[in-house]
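According to TrEMBL, the domain 'Tetrahydrofolate dehydrogenase/cyclohydrolase NAD(P)-binding' annotation covers B:130-270. Residues annotated as NADP(+) binding site in TrEMBL: B:Gly156, B:Ala157, B:Ser158, B:Ile222.
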There are 2 protein chains.
Amino acid sequence: MDTTIFTGFELAARIKQGVKARVAALGRRPRCTLLLDGSNAGAAAYAQRLVASADDVGIEMVPAEYAANAEAVRTQLQAEGDAMMALYPIPSFIGRDEVARLIGPERDVDGLHPLNAGGVLLGERNARPPATARACVLILEELLGSLKGREIAVVGASAVVGRPLALMLLDREATVTVCHAATADLASHTREAEVVISATGVAGLIRAGHITEGSILLDVGIVRTEKGLVGDVDLESVSGRASLVTHVPDGVGPVTTACLLENIVSAAEARAIS
Amino acid sequence: MDTTIFTGFELAARIKQGVKARVAALGRRPRCTLLLDGSNAGAAAYAQRLVASADDVGIEMVPAEYAANAEAVRTQLQAEGDAMMALYPIPSFIGRDEVARLIGPERDVDGLHPLNAGGVLLGERNARPPATARACVLILEELLGSLKGREIAVVGASAVVGRPLALMLLDREATVTVCHAATADLASHTREAEVVISATGVAGLIRAGHITEGSILLDVGIVRTEKGLVGDVDLESVSGRASLVTHVPDGVGPVTTACLLENIVSAAEARAIS
């Protein structure tokens, strides 16, 4: 069987067209502050891509270095604007929970504020979903149409990807199994699934023995190794067995960025109404 | 194999002892308003049990009939007190979301306010969990000790039981599959699980062919039939195959009530601090 390598550029472009139209309708440039630790190569590269993508659709993304102490970062987090992102790694002197609370539900575009996370748990139609989880759902709908009754294994149970993603797949009536580091026999679950979405950051975790012939593999993991960026899926191993694998980093990545821009314009629109 | 029928009275009594001690430490009677449609036999019976259980631990539970129009119900929902419950069925002229929002996160003891639901999604330690989901977790911990690596199938993906329960089981590092009406082959999942928790309200859904020898079955369903109250599990069919089945209604039920009382005293404590 031929294994297709899926890149997300085309889907991302379509999502961004939609964002662009909404920005035009809004009549002003939405503004998002992007706090980061620029000494972290991954964060700096990601920020650069975000600024460029945002500019494409008329969103002003303003990168800024984290300040040197907790009080100053608290002030930064409460700065004016439609949206606020605090990129990982966040400074050790401030907690994740406090960051989310200071950003507040209105300006949170990562789905990390409890009020936004609650919307996802309760299946609210206007919930603001974490971008990576939303990207996975959109890619699957692009590939499969309806997800109703599909058998999907999610590997990785983080609060930012695996957990909200499982709920969003349930919203679409998929049958969902969530596996993680404590799962006794990962392959026994992933082999039964039509779709495996892996978001662990364990390079090469998913191999041929983990999957069934013809399955679809969404690879959310990105690990920097000596061989460059690699994902959770061992591409060589699954080639010829999976029907499709998403490219790392250009599969789920560009779609995630587009979904983040969607969240930013949603934040700006909500602000215009209130 | 002998099949044990689990009743929740002993575990519930222990939880209630804890609640009683917390009420004593608080130094005043927590007060919870209980809105209900008394013409509904199920709601009326449930309310009566709640009032009696609350009284046992020093909590004042005040039942009141839903008012006849939306504006009056809105006023009721905002009444003074530590906690507020709006029992099903709620009046058709007011939406579930609005009910949760008017109750507010502080007085919500059902985990239905988005802020409380968000705490569950994010795995926050102080999250106020829906009582039924919490009861299932406590029963399993009572029976199995650690849930780490356990294979658990949750049948039913409601916002009040199945979805938060799946997340709370993930908090404890269980491997969780969530099935529901759109699941293509329910038995293929439930047969692989050590524990099946069914919360569908479909009488007799889970039969011998759905389970593996020695499995533990938690039955959250309660349906009134001509034969009396029955659950999701077909008891006759699974007898001799399951190692344990919870009694309906006296298995998960009493533990749920005790967990609800825990949430009420938590609400009162949080109010004392703020």
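Glycine is no exception: its Cβ is also placed from the backbone N, Cα and C atoms.
Note: TrEMBL annotation is automatic and uncurated.
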Practice task
Check the domain 'Tetrahydrofolate dehydrogenase/cyclohydrolase NAD(P)-binding' (B:130-270) for me and report the mean pLDDT.
Solution key: 97
Exercise for the section: From the binding-site residues B:Gly156, B:Ala157, B:Ser158, B:Ile222, keep only those with a C-beta under 8 angstroms from any C-beta in chain A, and list them in sequence order. Expected result: B:Ala157
Fill in the blank from the handout: Most Cβ neighbours within 10 Å, among the binding-site residues B:Ala157, B:Ile222, goes to B:Ala157
Fill in the blank from the handout: Cβ proximity for B:Gly156 (NADP(+) binding site), under 8 A, sequence spacing 6+, ordered by residue number, returns B:Gly162, B:Cys179, B:His180, B:Ser198, B:Ala199, B:Thr200, B:Gly201, B:Val220, B:Gly221
Practice task
State, in Å as a whole number, the widest CA to CA span among the NADP(+)-binding residues B:Gly156, B:Ala157, B:Ser158, B:Ile222 given in the record.
Solution key: 16
Exercise for the section: Any same-chain residues 6+ apart from B:Ser158 (NADP(+) binding site) with CB under 8 Å of its CB? Would you list them in sequence order, or say none? Expected result: B:Ala199
